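J.: Mind having a look at this structure? Questions to follow.
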């Protein structure tokens, strides 16, 4: 492992906290959480959601931040240090971050497109008097399956110009391609100096969305029908708590929203000062993330209530999953509001800020991990880190070109389904096993004590040892049992496209077994000795290993002796899974 000299740290600790909030708080808070509440019994969904936050979200975020700050490495080397056998989990998190950053930036591209379009008067999705509208276009929602709203036709026919299926790729949407290029240029200039530049940008991108959300809420609650929408959002349907799917959805939402397993927060915490109070950052990031979801729920459902009042249809007929909620339903609400252009500009600028923060984090995982692994070679070839970051952004731009073709929405849906739903659950499960069971709860507590002077509370140790592995395992099993092939609205992807989706999923998952095979290949001794050595922390780095055991803490034990450059197993240290 090559070590960067003088590894940078955040200029102020508040910069990491804001970056962490920006990473956790994303577009999923605005569309996924309100939709799950609508589908899962309104206020009743908040019971399992808040419970999962306490026993799953906060403990696992705490775990990742401890590992990142203690090892001062990105996810690849952090996992290789704590559990050599499962070092592939770290590589997989880098792979999934790269895959996600290529298509996630498409949402930022859409937000920019809508932002530029919002300066027109009237709003281009406000009526059906446009060249892209069909005969079935209507300016308001109806119960007819034959009609199509003006906002939906703007999204589908004007911006996307989408084809009828993934079999028809169509041509490049040059407008979207240029905006995608602009989005990557913005991202590059926000992160090219590493944490020094990102730390300054997050003061704005992490805080400004709250100004807009609060302004939107103040405006929306004054609209007729808003109270009905809020009531729909918060009044519980208690019988929904009997559904296992509601509990699994709550756990999965906490999991995906905070970003456990993606490696983003672990990478950013590696730039913390060694003695930083990790618990304070953990609680701040996790709690603000959930409060943001609740705030977004009030904003979205108050607007839904207003639309329901205007059009005389049930609120349940307005809710749409995925991008449609943000780019079809909500823009339609703007068109009926006073000063509609102002609210549209503010809303899509907020989406831009939310998307940029999450994109920063995913790109940072790539940069941090590659710099940790190949610092000397990269420094020799690129001369400056800024040029290397430019190369990463350029590569991601090229990979994202299919998303800005007319078939782009199908590519986006396919990549999102097999990355955010399939891959991440496998990664998270093996990460929890590697850190909580193989590396061990006691070692993790010792690391925390070395940094802050205090061991982890009994509650966290119980969650790490029992609750988190069991819950993540249950979520993984139910995700497999309830797995459904990818689809977009009524369109079901053909078998060959599903096969491509599985190839995308395996692009990250495959690194877990490959990493295990490579570890066993390079370690010395017989197969049994290799297996024993592969679950000893720092076994792949002899000097670090000896230093670790010579620290003299509670975990010090003569488990590994380093003679010359070889590693010889003299005694297997017991797994540190006891409390």
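From the backbone N, Cα and C atoms, a Cβ is placed for every residue, glycine too.
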J.: Would you please say which range out of 309-334, 387-412 has the annotation transmembrane segment in TrEMBL?
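T.: It is 387-412 that TrEMBL annotates as transmembrane segment.
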J.: TrEMBL lists transmembrane segment for one of the ranges 129-146, 147-164, 201-218; which is that range?
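T.: In TrEMBL, the transmembrane segment feature sits at 201-218.
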J.: Excluding 22, 24, 25, 29, 257, 289, 354, 357, 358, which residues of the same chain place their Cβ within 8 Å of the centroid of the Cβ atoms of the recorded Na(+) site?
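T.: Not counting the recorded site residues, we get 21, 23, 26, 28, 292.
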J.: Honestly, do the transmembrane segment (283-307) and the transmembrane segment (246-271) touch, with at least three Cβ pairs under 8 Å and pairs 6 or more apart in sequence?
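T.: The transmembrane segment (246-271) and the transmembrane segment (283-307): touching, yes.
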J.: For the binding-site residues listed here, 257, 358, which shows the highest count of neighbouring CB atoms within 10 A?
T.: 358
J.: If you draw a 10 Å sphere on the Cβ of residue 354 (Na(+) binding site), how many other Cβ atoms land inside?
T.: 28
J.: Hey, which of 46-67, 387-412, 418-441, 462-481 has the most Cβ-Cβ pairs under 8 Å against the transmembrane segment (246-271)?
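T.: Top-ranked stretch among 46-67, 387-412, 418-441, 462-481: 46-67.
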J.: I need the nearest neighbour of residue 137 (disulfide bond) among the binding-site residues 22, 354, 358, using C-alpha distances.
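T.: That would be 354, the closest of 22, 354, 358 to residue 137 (disulfide bond).
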